[in-house]
Amino acid sequence: MPVLHNRISNDELKAKMLAESEPRTTISFYKYFTIASPQQTRDALYQVFTALDVFGRVYLAHEGINAQISVPQSKVETFRQQLYTFDPALDGVRLNIALEDDGKSFWVLRMKVRDRIVADGIDDPSFDASNVGDYLKAADVNAMLDDPDAVFIDMRNHYEYEVGHFENALEIPADTFREQLPKAVEMLREHADKKIVMYCTGGIRCEKASAWMKHNGFNKVWHIEGGIIEYARRAREQGLPVRFIGKNFVFDERMGERISDEVIAHCHQCGVSCDSHTNCKNDGCHLLFIQCPQCASKFNGCCSEQCCEELALPEEEQRRRRAGRENGNKIFNKSRGRLNSKLSIPDPAE
C-alpha cells in the first residue's frame with residue numbers, strides 16, 4: 001500500500017525545495033460539491049498530486065475541496081488535465097494563478113479531511129449553500145465601485161484587510177469567518193436596500209457569505225468571481241484600472257502579493273509605512289504582525305523585547321517555557337486582541 005502522508009522533516013523538505021532548479025507555479029482553487037467519502041477522495045487525490053510533485057495545503061470535506069498549492073511549471077498542464085478528469089465536478093474548475101510568485105510558497109504536501117472546507121459555524125439545516133449571489137467580473141467590479149447604491153464588504157480577517165482592500169470597503173470586525181457571518185448580517189441591516197458586493201482572496205469565503213446573506217433576506221447580493229486574485233489578473237489583462245489598494249495577503253510563505261503601489265499599513269513597532277507581515281521568531285510566540293526592516297534588525301525578528309530575550313535563551317530553556325504555555329496563545333491565534341495586547345496597539349473598535 002502506498003504511503004499517503006509525508007515522512008520527511010520540514011527542514012529537509014524546505015532545503016530540497018530551495019535546491020530545485022525548475023520554477024514552480026502557485027495555484028489556488030476551490031469547489032463546493034458533494035463528496036460522499038472525503039477520506040477515500042483524499043487518499044486518491046494524494047497519490048495524483050504526489051506523482052506530479054505538487055506541494056501545498058488541501059482541505060476536503062463532504063461540502064467540497066479547498067486547495068493552495070505549487071506545481072512544477074513543466075507539469076502544470078498535466079496537473080490541470082488530471083484534476084479536471086479526477087471527478088466530473090472538478091472539470092473546468094477555475095485555477096487562480098498567483099500574481100506574484102517566486103515558486104517558494106510551499107515545500108510539503110498536506111491533505112486533510114475536515115468537517116467543512118471553510119469553518120462557518122452554520123448549523124441551520126435550511127441553509128442552502130448553493131443559492132449564492134451573482135458573480136461580478138473585473139469590469140463589473142469597477143462599475144459597482146462607482147455606483148453610490150453599492151456597498152463593498154470585505155470577508156477576510158483583520159490582518160488581511162489592514163494591508164489591502166477595495167476603495168471604501170467595509171471591514172467586518174471579527175477574528176474568524178464564523179464570527180463574521182452573523183456580524184455581517186447585523187451590520188448590513190441598515191443597507192438592506194443597497195447592492196451588496198462581497199469579496200475575499202480567491203472567492204471561497206465570499207461565495208458562501210453571499211449565500212448566507214441571501215438566506216437572511218438580502219436580495220441584491222453579488223460576489224467577485226475568483227476573488228481579489230482573479231479580479232487583479234483580469235483587470236490588468238483587459239487594461240482596466242485596478243481599484244484594489246495595497247497588498248493582497250496570502251496564506252503561504254509569501255504572505256502577500258503586491259496589487260498596487262500604495263502602502264496603506266504601518267509597522268506595528270515603530271509606525272513607519274510598511275505592509276510586510278512576519279511571524280515572531282520566538283517559537284513560543286509566533287505572533288503574526290507587521291514589521292519594517294529596521295525593527296526586524298533591532299528586535300532580531302521578534303515582536304517585543306521580551307520575545308527577543310527569550311529567543312536568546314538556551315534551546316532547552318526555550319522548550320521548557322513553551323511547554324508551559326497554552327496552545328491558544330501560539331501561532332494559530334491570530335486574533336486582533338492578541339496582536340493589540342502584545343504590541344500595545346489601540347483597538348480601532350474602541
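Cβ coordinates come from backbone N, Cα and C, glycine included.
Residues or ranges marked as domain 'Rhodanese' in Swiss-Prot: 146-240. Feature annotation from Swiss-Prot assigns active site, cysteine persulfide intermediate to C200. What Swiss-Prot records for 319-350 is region 'Disordered'. The feature compositional bias 'Basic and acidic residues' is assigned by Swiss-Prot to 319-328.
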Mind tallying the domain 'Rhodanese' (146-240) by DSSP state, helix then strand then coil? 44 helix, 19 strand, 32 coil
Taking the domain 'Rhodanese' (146-240) alone, what is its mean pLDDT? 95
